[in-house]
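Peer 1: Pasting the feature list from TrEMBL:
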{"type": "TRANSMEM", "residues": "6-27", "note": "transmembrane segment"}
{"type": "TRANSMEM", "residues": "39-61", "note": "transmembrane segment"}
{"type": "TRANSMEM", "residues": "67-90", "note": "transmembrane segment"}
{"type": "TRANSMEM", "residues": "102-122", "note": "transmembrane segment"}
{"type": "TRANSMEM", "residues": "128-148", "note": "transmembrane segment"}
{"type": "TRANSMEM", "residues": "160-182", "note": "transmembrane segment"}
{"type": "TRANSMEM", "residues": "188-209", "note": "transmembrane segment"}
Amino acid sequence: MHVLLFLSGVLGNATGLFLFLAPMVTFKRIIRNRSTEQFSGIPYVMTLLNCIVFTWYGLPFVSRNNILIWTLNATGGVIEFTYIVIFIIFAPKKERMKVMGLFALIMTVFSAIASISLLALHGNTRKFFCGVAAALFSTVMYASPLSVMRMVIKTKSVEFMPFFLSLFAFLCALSWLIYGLLSGDPFVLVPNVFGTGLGIAQLILYAIYYKNRNHSESAIKDDFIEMDLENIDQVKKPDSRHL
């Protein structure tokens, strides 16, 4: 049992790391285009909150024998913070202010959780309080792509729902679901049941609308080509004032 628990934790760390690194393709595009386009910054902020709360939950003075949990989430927190900084740099003003406001809110929430658990609670009560908070915000993190899924259904295109992000979100949730079952930790188990289901839903959406992605990209390219042709025609057209 201990071997299976350790292996599921290692698998959860591996898939979790891939999950955190998967958006690199998206942010490479953002940096290249110097625009966040229609990408949402909310999932990255909520993932950061999940990481810092679960890092706190996994520390020895809160819950014992959870080194695999806090090491993964500490690493993920650094990565997600980097994504947020890049997103804020290239986002339009309205989106930038929304992400910055949400970031300030989650840091306030975490500060309150850490202060209450450290100063007012002890032993199992501290573990329970932090575990409930971690499970709650993990569920919120898994729910954060719902707005993107709604856009996919509305536009019938998966252009702004990266495949590898959806795939590794599913694999990570499934791995930690198994870890939660084997360890008997409900604070790990419950949110990852929800995350596994939502990951399956994202992959189903991707399978349904994947073929429309190329069509959508072609339509966008055609629009740009048409705009360029119009600009060329305007340049070539003689000014009537000089006739």
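Cβ atoms are placed via backbone N, Cα and C, with glycine included.
Where the annotation comes from TrEMBL, it is an automatic prediction and has not been curated.
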Peer 1: Kindly say whether the transmembrane segment (160-182) and the transmembrane segment (6-27) touch, using the definition of 3 or more Cβ pairs under 8 Å where each pair is 6 or more positions apart.
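Peer 2: In this chain the transmembrane segment (160-182) contacts the transmembrane segment (6-27) - 3 or more Cβ pairs sit under 8 Å.
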Peer 1: Does the structure show the transmembrane segment (6-27) and the transmembrane segment (128-148) touching, where I'm treating 3 or more Cβ pairs under 8 angstroms (sequence separation 6 or more) as a contact?
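Peer 2: When sequence-distant Cβ pairs are counted, the transmembrane segment (128-148) does not touch the transmembrane segment (6-27), since fewer than 3 lie under 8 Å.
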Peer 1: Among 39-61, 102-122, 128-148, 188-209, which stretch has the highest count of C-beta pairs below 8 Å with the transmembrane segment (67-90)?
Peer 2: 39-61
